[in-house]
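As annotated by Swiss-Prot, compositional bias 'Polar residues' applies to 51-60, 385-395. According to Swiss-Prot, the domain 'JmjN' annotation covers 82-124, on the basis of sequence analysis. Positions annotated as domain 'JmjC' by Swiss-Prot, on the basis of sequence analysis: 475-645. Sequence annotations record features per position, and here Swiss-Prot assigns region 'Disordered' to 38-60, 385-412, 848-872, 1319-1341. Look at Swiss-Prot and you will find 298-345, 1171-1220, 1454-1505 tagged as zinc finger, backed by sequence analysis.
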Amino acid sequence: MRKNSSHENQSSENIIEFPYVDFEELNVHSNIFSELEHAKPSTQQQQQQQNISNETTSTGPRICISRDEFKAVNLLTKEEINVRVTPKKEEFSRGLDFISDLYDQTARKSGAVRVIPPDNWKCPLTINTTTFKFLTRKNNPSSMSLVSNYPLDAISSQQKFHGNDKTLEKNSAKATINKSNSTAETSSTATVEPYDSNDLYRIFDRPDAVVLSYIFVLGKAVDLLQIKQWLQLSKQKNLLEFEFWSQAAQHYKLDVNSLRNAYNLYAETGVTTRTGNDGGSPINRPAKRVKRQNHIPKCKLCAQEGSSLVTCCICQSNYHYACVEAPFAPFSDIHYWTCNSCIPSSLKILWKEVDYHCISSFLQSSNELASSLKKQLPSFLAQTPLTLPSNTKTPPASARQSSRRTRSTSGKGFETKISINLDSDIKLLNTLSPLETFFWCCSFPSTASTSSPFSYYPESLPTPLLGRAVNTTAFPTSRQNAYYNDPWNLYFIHFSKLSPLRFTPPGILTSTISLGQPLTCQGWQRDSMSLFGMHYHHYGAQRIWYVIPEVDGPKYEKLLNDLSPSFIQEKPETLIKSKILLPISMLISNGIQVLTFVQNSNEFVITSPNTYYTVLDTGFSLSESVPFATKEWIQDMHAENSFNMYKNLHISAPFSLDHILLANATLDKTVHSAYWLMTCLKDRVDRELTLRNEFRKRHPLLTWIPTPLESSVMACAFCKTFAYLASIEEKNGTKTACLSHKDECFPNTDSDLTVLVRYDDNALLAAYSKVVERAHKADTWLENYKEALGSDNSRPSLKVLKTLLNEAETICCPLQEVSLVRNLVKTAQQWLDKFAIIFKKKSMVKKEKRKPKRGSATHSHLESPSEEVEDLNSSNINEADLLINLVEEAEQFTFDFPEMAVAFEKAESLKIFREKANAMKERSLSYEECLAIVEEGESLQLKTPELLYFKQYMEKTEWIDSFNQISQKTDSTMEELVELIERGEKIGLTSDNENMATALLLKEKSENWMKQVEGLLSQETLSTSKLFQLKSEANSICINRGLLEQLNEVLQKSENFHTQLVSLISRARDPDYYSRPTIEEAKTVLAESENLTNKPEEYTVAQKLLTQTYEWVRRGKRLFGKANAPLEIFNQHLEFVEQRNTNAMVDEGSDAPFHVGNEYYVIAGSDPSDFHYCFCRQPEAGMMIECELCHEWYHAKCMKMSKKKLRADEKFICPICDYRVEVPRHSHRPPLIELQKMVDDIPTLPFQPIEIELLKRVVKQAEEFKNKMQSEVCDPTQLSEKDVPLLQFYLRKLEGSEILFTEELNVFRQKLHEFMPVAPQPPPFIGESRSNRKPRPTKRQREIMEQVESGKLTSAEGAAAIAATQTRNQNNFISKPFNVHTLSTTLSPWAMKSLAQAAISPNPMPSAHDLLPTSNPAELFTNISPEIKELSVDSTSTLGGLNSSHLVSDQNASVICLCRQPFAISDGTVQCHNCLEWFHYECVGLSSDIVSTLSNYACPDCCSKEGKLYPWNTRPRSTPSVWLSQAYSPSVLQGTTENVAFLNKAFSASANLFDVLPVSNTPSHFSKMDYVLEDRKPDLFTETYLSM
């Protein structure tokens, strides 16, 4: 398994669930033994075999055994026998009935038969490989042989050593065999030592052995095998020990220490409790639970009472769960549990000797074994010549045949005569395949004194494993699966209606799954109950079968008995259930037939009763087997012989034969079972009644008490068989005896005994009578059959035949006459189906009154029509000929029914009609004559050729009349024409016909017209002339009325709007502009036309003219900075401009410029409300601010200054005196020349906008004001200092106006600076005046604010999100080419206040030279203020752009991340815990999900310094065009109030630095610094939100 790379991944491994195995993708054919060629003799073997045959025999060369896919080979006679059966689908569906036929035909002689399912039969494999587990044992073939492990010489020596002592020491060592290396002759000598009889028992590999693997830990049963398997799996997954024990304890719901200590105790010391009941009876399951004891139960070990006790099903002893000897057998069924004392030592298997496996681990082990075997097989075949030694003389044939080996052992003194012929062995092995040769050579070395070329199983080769899972299946067990009710489903084969064992208790005869590996062989075996065996190969490589036929079974048993020691012969039950593997050469030498064949996947093998077989696996295989029974099991006395054998040997059988017979007699109601049951039951009832009569004579005083049928069944204490019919019990005891062994169990007295009778004498006779009665039902049915069909002249009705068939199906009568009746009914039903087709009637089959039996073949034939009838329904047939055929068939029927008379009468009428019709065909007919003959033919209700001819003649005549009517009408529709053409095609008219050709041409013209109309109506714009043309063409063709109505409707609407649009367009081109329509009128007409689905062509022209007018309006909006506003805003803003210009350009008198502030109205003595102030030229209102230089009063509202932000001693300089103070504006001020161009373009507009007159007034007013200024200031160069009030006066008016007077404004500002300088530099030339109001929040910013208010986002997250949106907007703005106008950018009102204080402060201002940038950008802060100085070095991360390597090439400056870029608000950052440096997520290969799981982070540099490997891939970002003034340290991104204040503080510092930069002559490297210090701080909305 794959190793995990980290501890986190290891903890996620689950040892409870096994790896998944996909059998569909698993390539079994890649194994070396899955190919067919390895099951064939090799070329080298054939040559060696031929050479050996030439040397050893004179009969000629011997041919190798062929691995024919279809036949089996008899290894004794070399005869080929066909054991392969490929049934059809019908035969395969019969199930057990088909198997019974196979047994009589093939299997009885050969012992086994291969059944190949039909091609479409493929049962799915339903094993869950993630949970399926099974027991495995090492399957070394040498350990299963009496010959290889324990040679006869050694056994004889052991018997001589022990003498007559039956009790053998358990701790004695095994006999050892020393072999000499002599090439001439090998003699085996045995060192005689005491041996362990338990180890000798193990070679028999009993299938009923029990694995002792369970222990109790804190009152809970724990499987040691399961823990051992999980421990091996955890080692493969590199799982830590504490993690393994934690998962195991969680599964068992125990603490870790208790579970681990308990496992280690048994794993290290191997503690077990063995009892000495070596000769005890084997485990047998009673048919039902034993009776409850009357006395209070007590534990056998602690002698204490208790409620939680478990009872042994054999000795009836009670145990506490905590007192049970450990390890013990599993509690799979609490009623069939066996204690350790009752399990014979030969059947006990400790948990260390076996293993649990899963499919994946077993498959891996199989592949390893196959790989090792692939390497050793060629060398074995090359180095082991299968020939006799060169110095060994071949004895003559007579001597070889008479060669015998006789061994005598003391003790029992038995003699064994076994044929061991080395020559025969070599010949046999040369005829086998390479794999078989390797198996039989290495697994069974010869024990003869002659030299042997064979050796034991190679130690370097892994021992194959054998897996078994009892009481489980790989067949579907879900009702939703199609194979659930399949008769070949092994899991449910016992419940088949033909199975005699379907009434046995559940859980007795269950299926077993076997998993094999290369060289796996289970030993010779047969069913101990002489049952049939069904073996299905689910998946995997081929399996080689070796079968001993039933006739040679006694020979094999005698040979096995002769090979067994005396103490084994004394226990024949051990041999009955054993699996001993004897070499096939030994069997053939003793005259025992052995058949061999190959089984592939998806094939069945059926074994007969008393047949011995073994299977050699050639690779990984998964198969399933189950014992079952057919009627032959009881008829052929297999069942009775098996139960008699169990009874004679005193072995407990798994169930009772009496129960099987009586259950089939009383519960089964079919005649089928009565036939084979009648004879068997008669013999059993006679024997039972005879035994009861004799018993009553010997014990007349015993009381006979009836017992219920469902009561418990007890076994006889002497013969161990179930006393089902009658039993003898003590009143106060637990011993039970049958009627035959009363004296053996109760020899003394009869006083306390009672006979319990389940079936009394009358009940037995009644059961037999019912069986006989069911069997005689067939005779009764035969009498009725003979009465109905017995005589030759009798013609029974169909009703009588159906009654006979229903009776036969009810009683399941297996008679040949039933098939005859079924065929007659089927033939009659087919005739009736044809009759119903002719006369257009429903099937005359009547429904049965009762529900038919499931799977009944008769009812399926009656209820479903035949294939012939279906063909008649699906095709046009000649019913006249069919009626004649029916009449001919009915004349041959031997039965009668009413429909036959109707058919005869109809046939006579048909004959008369045909004669008359044929006579009329020879002359011309009128329409009336043709109509009469057609009506006469239709009255017969039959399809005849004559009737069809006259119908076509009439239809052609009618078609011509219809065509003439359509061609003459003007309103014919397309549907009528299509219907007419279809009628003509049906009656056989082609395009060669003149009328048909005309109809097709008319259809083509109509379709073209419809396509033109549909295409025109689908367009958005229509041509009215084209519509009128199409309408006129509709009168001469066949049209679609719905399409014509739609055309008329569109034409009517388009005609009305066409007139309006033509008039609108012609007026828009009128030379007189004021005669042109207004824009509102054009909008109204186009809005009405918008509702049209198809618009006229003039609509597009009018829409373009309207768009041209809208473009003029949009141009005006853009001039005032309202590009995104609706069109109506242009008119509204012009009204605002007109009002502002009127106030600003008002004539205030010739002396107004020379009066300032309070002095003016104090001196004049006038009302202050009559005078104007500020640049808005409005009277005094609200709070007013006085300029410290010109002493003009300004509205605080106009300057956007609040009373809260002003101090009493604060100084103010107006924008007129200091050009650097900006005037707050809500919109752009377009130059006058642009507005004049718009007025000049008015005559070119197609429609009249409503803004025309308003725009003209605004422009006219501005021109008049300009002329007035130029008249007063004729020559600007002649202005002097005394004209400063005049310049200030007009500058206020120019700033208050909403129109930009470019020349006047620039000239007056230059002159004013010349006469009264305030700023260190003259004002720059301005060519535009834009709005400086704060932007409104975007849609995204409003959504973020709503999320913060609703609580979905915190204030810090909201601030970061808003800053990120501004960063994107600014990046988009930077991507456009522009010039950074640092020195011409006006300042905000918040920066204007500090500059006003500095202007009127007595301290001199710093010069421009002092503010030039130095090598370290942080030094720029030292010349500003102490407050800003704090932000120089310690807060360089706040102004991240100042220490960026993109700006200053300072080697000592700290590096930011790996990408050398600053941090933005939207970036994710992480800090190293060693160097405390910050990094971007993506630069160091991290993400937010990864960072959330880290407790400590080390950067790549720190990892390299410590000698560690950095676990992530670094991906430094490229250098984009970033907005450096938005780079902040990661601490600012946390969103706290202190960080937000610190951020605002840094923005203020950068803005102040920008204000004091020099004008010109800056170094080249200063452009970057100037770019950083530009006033690009967040807008006022974001600043306000961050302050929140």
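Any Cβ shown, glycine's included, is placed from N, Cα and C.
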Three-state composition of the region 'Disordered' (1319-1341), taking helix and strand from DSSP: 3 helix, 1 strand, 19 coil
Local confidence of the zinc finger (1171-1220) - pLDDT mean: 86
Residues of the zinc finger (1454-1505) by DSSP state, where helix covers H, G and I: 14 helix, 6 strand, 32 coil
Residues of the zinc finger (1171-1220) by DSSP state, where helix covers H, G and I: 3 helix, 8 strand, 39 coil
Residues of the zinc finger (298-345) by DSSP state, where helix covers H, G and I: 7 helix, 10 strand, 31 coil
DSSP helix/strand/coil residue counts for the domain 'JmjN' (82-124): 19 helix, 6 strand, 18 coil
